[in-house]
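Everything on this sheet refers to the single structure shown next.
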Amino acid sequence: MSFFLTTPTAIDLGVNIDHVATLRNARGTAYPDPVRAALAAEDAGADAITLHLREDRRHIVDADVRTLRPRVKTRMNLECAVTPEMLDIACEIRPHDACLVPEKRSELTTEGGLDVVGHFDAVRAACKQLADAGVRVSLFIDPDEAQIRAAHETGAPVIELHTGRYADAHDAAEQQREFERIATGVDAGIALGLKVNAGHGLHYTNVQAIAALPGIAELNIGHAIVAHAVFVGWDNAVREMKAIMVAARVAALHGGR
């Protein structure tokens with residue numbers, strides 16, 4: 001049995017603070033402070049703090065990562081590309097988790113999962129470099145059987161399944177097909193002994209079905225929480241998301257009762 005398997009009732013929320021930094025950088029100010037947002041999110045029930053240090057530093061910057069690392073009380077999940085610069089930073093900072101993601105400068109946000117099959121040697125080397133530095137590695141991948149198998153073969157103990165196509169589905173039938181791909185991917189990851197997380201594009205009205213899947217350990221959500229906070233406040237936005245996730249998981253385990 002994998003060390004990472006948890007009880008079916010447990011589901012964690014990783015709050016992504018990237019778009020707090022986006023708001024700050026829109027006017028070149030020192031506020032809102034993403035580090036302050038991270039600490040407040042922890043107080044409101046977040047189980048981890050996720051942040052993506054992109055090569056172009058469009059939102060999170062190096063100082064955010066360095067300032068947050070000694071102050072985080074839960075876990076820091078640093079998303080980064082498979083490049084020498086980013087791997088060196090991750091090995092220096094030593095977050096609790098490093099999630100390797102694909103990255104293109106032209107994209108508004110991450111558009112798909114990391115192609116582990118096509119870049120296997122580079123990804124495997126990155127996993128070893130991070131593991132040697134004491135950092136747990138996660139791979140952000142599409143819910144594809146070949147990618148999941150390749151992720152396992154790299155030695156990474158965690159995968160995060162890309163839920164963007166589910167979130168962006170144009171109709172209910174397409175969304176159901178994407179949900180079934182995710183559910184199958186969760187089962188495949190669990191069967192290989194991997195910890196399975198998920199995220200991308202999830203919000204307050206589409207997260208329920210994903211949170212109900214008992215094999216998922218953690219959901220990473222950011223933009224929706226930042227947007228909802230405009231209306232209800234940051235603390236409430238975090239608490240509401242966590243409550244929705246937990247309620248969906250409990251209802252699924254008890255047959256909707």
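Including glycine, each Cβ sits where the backbone N, Cα and C put it.
Note that the coordinates shown come from a computational prediction; the quantities given were computed from them, not determined experimentally.
In Swiss-Prot this protein carries:
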BINDING   ASN16, ARG27, GLY201, GLY222, HIS223  3-amino-2-oxopropyl phosphate binding site
BINDING   ASP18, HIS19, ARG54, HIS59, THR109  1-deoxy-D-xylulose 5-phosphate binding site
ACT_SITE  HIS52  active site, proton acceptor
ACT_SITE  GLU79  active site, proton acceptor
SITE      GLU160  site 'Transition state stabilizer'
ACT_SITE  HIS200  active site, proton donor
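Under the three-state DSSP scheme, ASP18 (1-deoxy-D-xylulose 5-phosphate binding site) falls in the helix class. In this structure, the C-alpha atom of HIS59 (1-deoxy-D-xylulose 5-phosphate binding site) lies 8 angstrom from that of HIS52 (active site, proton acceptor).
Secondary structure at GLU160 (site 'Transition state stabilizer'), taken from DSSP and collapsed to helix, strand or coil, is strand. The Cβ of GLY222 (3-amino-2-oxopropyl phosphate binding site) lies under 8 Å from the Cβ of VAL15, ASN16, ILE17, ASP18, HIS19, THR50, each on the same chain and at least six residues away in sequence. Listed recorded positions: ARG27, ARG54, HIS200. The one with the lowest count of other Cβ atoms within 10 Å of its Cβ is ARG27.
Each of the recorded positions HIS19, HIS52 was scored by the number of other CB atoms within 10 A of its CB, and the lowest score belongs to HIS19. In terms of Cα distance, none of the recorded positions chosen from ARG27, GLU160, HIS200, GLY201, HIS223 sits within 10 Å of ARG54 (1-deoxy-D-xylulose 5-phosphate binding site).
Listed in sequence order, the recorded positions near HIS223 (3-amino-2-oxopropyl phosphate binding site) (C-alpha within 10 Å of its C-alpha) are HIS200, out of HIS52, GLU79, GLU160, HIS200. Neighbour counts of Cβ atoms within 10 Å were compared across the binding-site residues HIS59, HIS223; the minimum falls on HIS223. Around the Cβ of GLU160 (site 'Transition state stabilizer'), the same chain contributes CYS99, SER138, LEU139, PHE140, ILE141, VAL196, ASN197, ALA198, GLY199, ASN220, each under 8 angstroms and 6 or more positions distant in sequence.
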